[in-house]
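Chemist: Take a look at what TrEMBL says about it:
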COMPBIAS  1-12  compositional bias 'Basic residues'
DOMAIN    123-273  domain 'Palmitoyltransferase DHHC'
REGION    1-26  region 'Disordered'
TRANSMEM  39-63  transmembrane segment
TRANSMEM  69-92  transmembrane segment
TRANSMEM  166-196  transmembrane segment
TRANSMEM  230-262  transmembrane segment
Amino acid sequence: MNCFNKKLRRTSPIHGSSTNELVPSKPPRMNGWSWPPQAFQVVGWLVYSYLGIVSFGIYIPLLPPPWNHVVYSVIGIAFVLHFFTHIAAATIDPADASVRAKQSYSNPMPFFDRMKQPHVIKDLHCYLCDVKVGPNVKHCGVCNKCVEDFDHHCQWLNTCVGGRNYWCFFVALCSATLGVFILVVVILFICIQHYLNPDSLRTAPQFHNLLGNSTWLVFLPLAPIKTSSAALLILAFVTAMLSIACLLLLAHLLGFHCYLFFKGISTYDYIKTQRQKEGRKSESENPKDVKIHNKTLQSQDTSIDCEPALSQSSGTCKLQNKGSLTSRFSESICTERLRAAL
(Lines of atoms letter the chains of each structure in order from A and count residues from 1; the text may use other names and numbers.)
(Lines give C-alpha, C1' and ligand atoms only; values in the text may rest on other atoms or scores of the structure.)
Protein backbone atom coordinates (compact mmCIF):
# COMPACT_ATOMS: atom_id res chain seq x y z
CA MET A 1 0.00 0.00 0.00
CA ASN A 2 2.48 2.59 -1.16
CA CYS A 3 -0.27 4.78 -2.61
CA PHE A 4 -0.28 6.87 0.58
CA ASN A 5 3.26 7.99 -0.17
CA LYS A 6 2.33 9.64 -3.49
CA LYS A 7 1.54 13.33 -3.78
CA LEU A 8 -1.93 13.70 -5.22
CA ARG A 9 -3.86 16.55 -6.75
CA ARG A 10 -7.45 16.93 -7.81
CA THR A 11 -8.10 17.15 -11.51
CA SER A 12 -11.02 17.18 -13.88
CA PRO A 13 -13.21 14.06 -14.12
CA ILE A 14 -12.37 11.49 -16.77
CA HIS A 15 -15.37 9.97 -18.59
CA GLY A 16 -17.90 10.81 -15.94
CA SER A 17 -15.83 9.89 -12.89
CA SER A 18 -16.26 11.73 -9.61
CA THR A 19 -15.10 15.33 -9.35
CA ASN A 20 -13.30 14.33 -6.17
CA GLU A 21 -11.09 11.83 -7.95
CA LEU A 22 -7.40 12.13 -7.05
CA VAL A 23 -4.52 11.42 -9.43
CA PRO A 24 -0.76 11.43 -8.70
CA SER A 25 0.95 14.78 -9.11
CA LYS A 26 3.91 14.80 -11.49
CA PRO A 27 6.67 17.23 -12.48
CA PRO A 28 6.08 19.22 -15.67
CA ARG A 29 7.87 18.18 -18.86
CA MET A 30 10.43 20.60 -20.29
CA ASN A 31 10.47 19.39 -23.92
CA GLY A 32 10.33 16.33 -26.14
CA TRP A 33 13.49 14.84 -24.63
CA SER A 34 12.04 14.66 -21.12
CA TRP A 35 11.81 11.10 -19.80
CA PRO A 36 10.05 8.81 -20.55
CA PRO A 37 10.01 8.74 -24.37
CA GLN A 38 6.77 7.98 -26.16
CA ALA A 39 6.37 4.88 -28.31
CA PHE A 40 5.41 6.99 -31.33
CA GLN A 41 8.55 9.08 -30.85
CA VAL A 42 10.80 6.00 -30.90
CA VAL A 43 8.96 4.49 -33.89
CA GLY A 44 9.30 7.76 -35.79
CA TRP A 45 13.07 7.90 -35.37
CA LEU A 46 13.42 4.21 -36.31
CA VAL A 47 11.42 4.73 -39.51
CA TYR A 48 13.45 7.85 -40.32
CA SER A 49 16.73 5.93 -39.86
CA TYR A 50 15.54 2.97 -41.94
CA LEU A 51 14.33 5.11 -44.84
CA GLY A 52 17.57 7.11 -44.78
CA ILE A 53 19.70 3.96 -44.97
CA VAL A 54 17.77 2.31 -47.81
CA SER A 55 17.49 5.59 -49.73
CA PHE A 56 21.14 6.64 -49.75
CA GLY A 57 22.63 3.17 -49.43
CA ILE A 58 20.58 1.02 -51.81
CA TYR A 59 18.17 2.68 -54.23
CA ILE A 60 19.46 6.14 -55.13
CA PRO A 61 22.91 4.76 -56.20
CA LEU A 62 21.09 2.55 -58.75
CA LEU A 63 19.62 5.51 -60.60
CA PRO A 64 21.29 6.39 -63.91
CA PRO A 65 23.21 9.68 -64.11
CA PRO A 66 22.42 12.54 -63.91
CA TRP A 67 19.24 11.59 -62.06
CA ASN A 68 21.15 9.99 -59.21
CA HIS A 69 22.92 13.30 -58.48
CA VAL A 70 19.64 15.25 -58.68
CA VAL A 71 17.85 12.88 -56.32
CA TYR A 72 20.85 12.82 -53.96
CA SER A 73 20.60 16.61 -53.70
CA VAL A 74 16.82 16.97 -53.35
CA ILE A 75 16.15 14.09 -50.99
CA GLY A 76 19.32 14.91 -49.05
CA ILE A 77 18.11 18.47 -48.44
CA ALA A 78 14.69 17.14 -47.36
CA PHE A 79 16.19 14.60 -44.92
CA VAL A 80 18.66 17.09 -43.41
CA LEU A 81 16.03 19.82 -43.12
CA HIS A 82 13.63 17.41 -41.45
CA PHE A 83 16.31 16.24 -39.03
CA PHE A 84 17.15 19.73 -37.76
CA THR A 85 13.58 21.06 -37.67
CA HIS A 86 12.40 17.89 -35.89
CA ILE A 87 15.17 18.31 -33.32
CA ALA A 88 14.28 22.00 -32.90
CA ALA A 89 10.55 21.35 -32.52
CA ALA A 90 11.20 18.72 -29.85
CA THR A 91 13.85 20.77 -28.02
CA ILE A 92 12.14 24.19 -27.82
CA ASP A 93 10.17 24.63 -24.62
CA PRO A 94 6.67 25.70 -25.77
CA ALA A 95 5.63 26.91 -22.30
CA ASP A 96 4.36 30.41 -21.69
CA ALA A 97 7.02 33.02 -20.88
CA SER A 98 5.79 33.43 -17.30
CA VAL A 99 6.00 29.66 -16.77
CA ARG A 100 9.53 29.46 -18.20
CA ALA A 101 10.64 32.31 -15.95
CA LYS A 102 9.25 30.72 -12.79
CA GLN A 103 8.92 27.00 -13.35
CA SER A 104 11.20 24.41 -11.78
CA TYR A 105 10.86 21.29 -13.93
CA SER A 106 12.25 19.01 -11.22
CA ASN A 107 9.49 19.62 -8.65
CA PRO A 108 5.96 18.15 -8.76
CA MET A 109 3.08 20.54 -9.38
CA PRO A 110 1.10 21.72 -6.32
CA PHE A 111 -2.27 20.32 -5.32
CA PHE A 112 -5.23 21.47 -7.38
CA ASP A 113 -8.54 21.32 -5.55
CA ARG A 114 -11.40 21.35 -8.06
CA MET A 115 -13.85 21.81 -5.19
CA LYS A 116 -12.40 25.32 -4.73
CA GLN A 117 -11.49 26.13 -8.36
CA PRO A 118 -13.54 24.39 -11.08
CA HIS A 119 -10.96 25.12 -13.79
CA VAL A 120 -7.18 25.14 -13.94
CA ILE A 121 -7.11 28.49 -15.79
CA LYS A 122 -9.62 31.14 -14.82
CA ASP A 123 -9.48 34.90 -15.40
CA LEU A 124 -6.08 34.45 -17.10
CA HIS A 125 -4.57 32.88 -13.98
CA CYS A 126 -3.33 29.27 -13.87
CA TYR A 127 -3.88 27.79 -10.43
CA LEU A 128 -1.44 24.95 -11.11
CA CYS A 129 1.47 26.94 -12.52
CA ASP A 130 0.42 29.87 -10.26
CA VAL A 131 1.16 32.49 -12.92
CA LYS A 132 -0.72 35.02 -15.02
CA VAL A 133 -1.09 33.80 -18.59
CA GLY A 134 -2.24 35.15 -21.94
CA PRO A 135 -5.64 34.59 -23.56
CA ASN A 136 -4.34 31.87 -25.94
CA VAL A 137 -2.61 29.81 -23.25
CA LYS A 138 -3.81 26.32 -22.35
CA HIS A 139 -2.61 23.99 -19.60
CA CYS A 140 -1.57 20.65 -21.10
CA GLY A 141 -2.35 17.72 -18.86
CA VAL A 142 0.45 15.61 -20.38
CA CYS A 143 3.25 18.18 -20.17
CA ASN A 144 1.59 19.55 -17.00
CA LYS A 145 2.31 23.18 -17.81
CA CYS A 146 0.78 26.17 -19.56
CA VAL A 147 1.62 26.32 -23.28
CA GLU A 148 1.71 29.56 -25.24
CA ASP A 149 -0.59 29.57 -28.32
CA PHE A 150 -1.43 25.92 -27.69
CA ASP A 151 -2.12 23.87 -30.84
CA HIS A 152 -1.92 20.22 -29.76
CA HIS A 153 0.16 17.71 -27.84
CA CYS A 154 2.13 15.66 -30.37
CA GLN A 155 3.28 12.21 -29.32
CA TRP A 156 5.58 11.95 -32.35
CA LEU A 157 7.55 14.84 -30.83
CA ASN A 158 6.72 13.86 -27.24
CA THR A 159 5.92 17.50 -26.47
CA CYS A 160 3.33 20.19 -27.05
CA VAL A 161 3.18 22.16 -30.28
CA GLY A 162 2.60 25.82 -29.55
CA GLY A 163 3.50 29.25 -30.81
CA ARG A 164 7.22 28.86 -30.07
CA ASN A 165 7.77 25.64 -32.02
CA TYR A 166 4.82 25.43 -34.45
CA TRP A 167 6.77 26.53 -37.53
CA CYS A 168 9.55 24.06 -36.79
CA PHE A 169 6.88 21.37 -36.57
CA PHE A 170 5.30 22.53 -39.85
CA VAL A 171 8.61 22.64 -41.76
CA ALA A 172 9.51 19.18 -40.42
CA LEU A 173 6.13 17.93 -41.66
CA CYS A 174 6.64 19.47 -45.13
CA SER A 175 10.19 18.14 -45.52
CA ALA A 176 9.16 14.65 -44.39
CA THR A 177 6.31 14.60 -46.91
CA LEU A 178 8.61 15.71 -49.74
CA GLY A 179 11.37 13.24 -48.86
CA VAL A 180 9.04 10.23 -48.58
CA PHE A 181 7.25 11.17 -51.82
CA ILE A 182 10.54 11.25 -53.76
CA LEU A 183 11.56 7.92 -52.22
CA VAL A 184 8.31 6.29 -53.36
CA VAL A 185 8.87 7.58 -56.90
CA VAL A 186 12.48 6.29 -56.90
CA ILE A 187 11.48 2.81 -55.73
CA LEU A 188 8.67 2.54 -58.28
CA PHE A 189 11.05 3.62 -61.05
CA ILE A 190 13.65 1.03 -60.02
CA CYS A 191 11.06 -1.78 -59.86
CA ILE A 192 9.76 -0.92 -63.34
CA GLN A 193 13.23 -0.57 -64.87
CA HIS A 194 14.32 -3.84 -63.24
CA TYR A 195 11.95 -5.68 -65.57
CA LEU A 196 12.02 -3.41 -68.62
CA ASN A 197 15.68 -2.39 -68.82
CA PRO A 198 17.86 -3.60 -65.91
CA ASP A 199 21.03 -2.42 -67.63
CA SER A 200 19.94 1.19 -67.05
CA LEU A 201 20.28 0.53 -63.31
CA ARG A 202 23.74 -1.05 -63.59
CA THR A 203 25.69 2.00 -64.74
CA ALA A 204 28.05 2.13 -61.75
CA PRO A 205 31.65 0.99 -62.53
CA GLN A 206 31.40 -1.76 -59.90
CA PHE A 207 28.85 -3.62 -62.06
CA HIS A 208 31.32 -4.05 -64.93
CA ASN A 209 32.94 -7.06 -63.26
CA LEU A 210 29.62 -8.86 -62.71
CA LEU A 211 28.16 -11.28 -65.24
CA GLY A 212 24.41 -11.50 -65.76
CA ASN A 213 21.64 -9.54 -64.14
CA SER A 214 20.94 -11.86 -61.20
CA THR A 215 23.56 -10.28 -58.90
CA TRP A 216 23.18 -6.71 -57.66
CA LEU A 217 25.27 -4.40 -55.53
CA VAL A 218 24.08 -2.27 -52.63
CA PHE A 219 25.77 0.47 -50.59
CA LEU A 220 27.51 1.85 -53.63
CA PRO A 221 30.06 3.26 -54.16
CA LEU A 222 31.83 3.14 -50.80
CA ALA A 223 31.06 -0.39 -49.55
CA PRO A 224 29.54 -2.52 -52.32
CA ILE A 225 27.82 -5.67 -51.07
CA LYS A 226 26.47 -8.38 -53.37
CA THR A 227 22.82 -9.35 -53.15
CA SER A 228 20.32 -11.24 -55.27
CA SER A 229 17.67 -9.81 -57.50
CA ALA A 230 14.93 -11.37 -55.36
CA ALA A 231 16.28 -9.80 -52.16
CA LEU A 232 16.48 -6.40 -53.83
CA LEU A 233 12.86 -6.61 -54.99
CA ILE A 234 11.55 -7.92 -51.66
CA LEU A 235 13.25 -5.10 -49.80
CA ALA A 236 11.88 -2.65 -52.38
CA PHE A 237 8.36 -3.96 -51.81
CA VAL A 238 8.63 -3.67 -48.01
CA THR A 239 10.12 -0.18 -48.27
CA ALA A 240 7.49 0.92 -50.78
CA MET A 241 4.62 -0.25 -48.54
CA LEU A 242 6.12 1.49 -45.51
CA SER A 243 6.81 4.66 -47.50
CA ILE A 244 3.31 4.77 -49.00
CA ALA A 245 1.76 4.35 -45.55
CA CYS A 246 3.94 7.17 -44.21
CA LEU A 247 3.17 9.33 -47.23
CA LEU A 248 -0.60 8.94 -46.78
CA LEU A 249 -0.39 9.87 -43.11
CA LEU A 250 1.98 12.78 -43.69
CA ALA A 251 0.04 14.16 -46.66
CA HIS A 252 -3.24 13.98 -44.77
CA LEU A 253 -1.72 15.69 -41.73
CA LEU A 254 -0.09 18.35 -43.92
CA GLY A 255 -3.38 19.01 -45.69
CA PHE A 256 -5.15 19.22 -42.34
CA HIS A 257 -2.73 21.86 -41.03
CA CYS A 258 -2.90 23.79 -44.30
CA TYR A 259 -6.68 23.83 -43.84
CA LEU A 260 -6.25 25.10 -40.27
CA PHE A 261 -3.82 27.77 -41.49
CA PHE A 262 -6.31 28.88 -44.16
CA LYS A 263 -9.08 29.08 -41.54
CA GLY A 264 -6.81 30.87 -39.07
CA ILE A 265 -7.50 28.42 -36.25
CA SER A 266 -5.49 25.93 -34.22
CA THR A 267 -5.99 22.19 -33.83
CA TYR A 268 -7.39 22.85 -30.35
CA ASP A 269 -9.96 25.28 -31.76
CA TYR A 270 -10.92 22.80 -34.48
CA ILE A 271 -11.49 19.95 -32.02
CA LYS A 272 -13.40 22.28 -29.70
CA THR A 273 -15.66 23.39 -32.56
CA GLN A 274 -16.28 19.79 -33.65
CA ARG A 275 -17.28 18.83 -30.12
CA GLN A 276 -19.66 21.76 -29.87
CA LYS A 277 -21.28 20.68 -33.16
CA GLU A 278 -21.63 17.13 -31.85
CA GLY A 279 -23.10 18.49 -28.63
CA ARG A 280 -25.73 20.47 -30.53
CA LYS A 281 -26.50 17.43 -32.67
CA SER A 282 -26.95 15.15 -29.67
CA GLU A 283 -28.94 17.91 -28.01
CA SER A 284 -31.44 17.92 -30.88
CA GLU A 285 -31.71 14.14 -30.69
CA ASN A 286 -31.96 14.04 -26.87
CA PRO A 287 -33.83 17.09 -25.51
CA LYS A 288 -33.13 15.94 -21.95
CA ASP A 289 -29.44 16.87 -22.43
CA VAL A 290 -30.24 20.55 -23.16
CA LYS A 291 -29.65 21.74 -19.60
CA ILE A 292 -26.39 19.83 -19.25
CA HIS A 293 -25.11 21.17 -22.57
CA ASN A 294 -26.05 24.76 -21.69
CA LYS A 295 -24.14 24.51 -18.42
CA THR A 296 -21.10 23.21 -20.30
CA LEU A 297 -21.18 26.11 -22.77
CA GLN A 298 -21.57 28.58 -19.92
CA SER A 299 -18.50 27.23 -18.15
CA GLN A 300 -16.51 27.45 -21.41
CA ASP A 301 -17.36 31.14 -21.80
CA THR A 302 -16.06 32.09 -18.35
CA SER A 303 -12.82 30.12 -18.26
CA ILE A 304 -9.99 28.69 -20.32
CA ASP A 305 -9.13 25.13 -19.40
CA CYS A 306 -7.01 22.47 -20.97
CA GLU A 307 -7.54 19.71 -18.43
CA PRO A 308 -8.08 16.12 -19.63
CA ALA A 309 -11.59 15.30 -20.70
CA LEU A 310 -10.04 12.39 -22.60
CA SER A 311 -8.57 9.23 -21.22
CA GLN A 312 -5.10 9.72 -19.77
CA SER A 313 -4.04 6.33 -21.05
CA SER A 314 -5.11 6.97 -24.62
CA GLY A 315 -2.32 7.02 -27.16
CA THR A 316 -4.34 8.81 -29.81
CA CYS A 317 -6.83 11.63 -29.91
CA LYS A 318 -10.31 10.15 -29.42
CA LEU A 319 -13.56 12.02 -29.06
CA GLN A 320 -16.05 10.95 -26.43
CA ASN A 321 -18.75 11.03 -29.11
CA LYS A 322 -18.19 9.67 -32.58
CA GLY A 323 -17.87 12.52 -35.09
CA SER A 324 -17.27 12.67 -38.79
CA LEU A 325 -14.77 10.31 -40.40
CA THR A 326 -12.51 13.20 -41.48
CA SER A 327 -12.20 14.70 -38.02
CA ARG A 328 -11.56 11.34 -36.34
CA PHE A 329 -8.93 10.39 -38.94
CA SER A 330 -7.17 13.75 -38.61
CA GLU A 331 -7.01 13.43 -34.86
CA SER A 332 -5.73 9.84 -34.94
CA ILE A 333 -2.93 10.87 -37.32
CA CYS A 334 -1.86 13.73 -35.11
CA THR A 335 -2.09 11.47 -32.07
CA GLU A 336 -3.00 14.63 -30.28
CA ARG A 337 -4.07 14.43 -26.68
CA LEU A 338 -5.96 17.69 -26.37
CA ARG A 339 -6.92 18.83 -22.96
CA ALA A 340 -10.31 20.51 -23.31
CA ALA A 341 -12.82 20.70 -20.50
CA LEU A 342 -15.85 20.46 -22.74
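Glycine is no exception: its Cβ is also placed from the backbone N, Cα and C atoms.
Nobody curates TrEMBL annotations by hand; they come from automatic prediction.
The model shown is predicted, which means the values in this text are computed figures rather than measured ones.
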Chemist: Please give the sequence-distant neighbours of the transmembrane segment (69-92): residues at least 6 beyond its ends with Cβ less than 8 Å from one of its Cβ atoms.
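Modeler: Residues 31-33, 48, 52, 55-56, 60, 63, 157-159, 161, 164-165, 168-169, 171-172, 175-176, 178-179, 182-183, 186 contact the transmembrane segment (69-92) from elsewhere in the chain.
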Chemist: Across the domain 'Palmitoyltransferase DHHC' (123-273), what does the pLDDT come to on average, as a whole number?
Modeler: 89
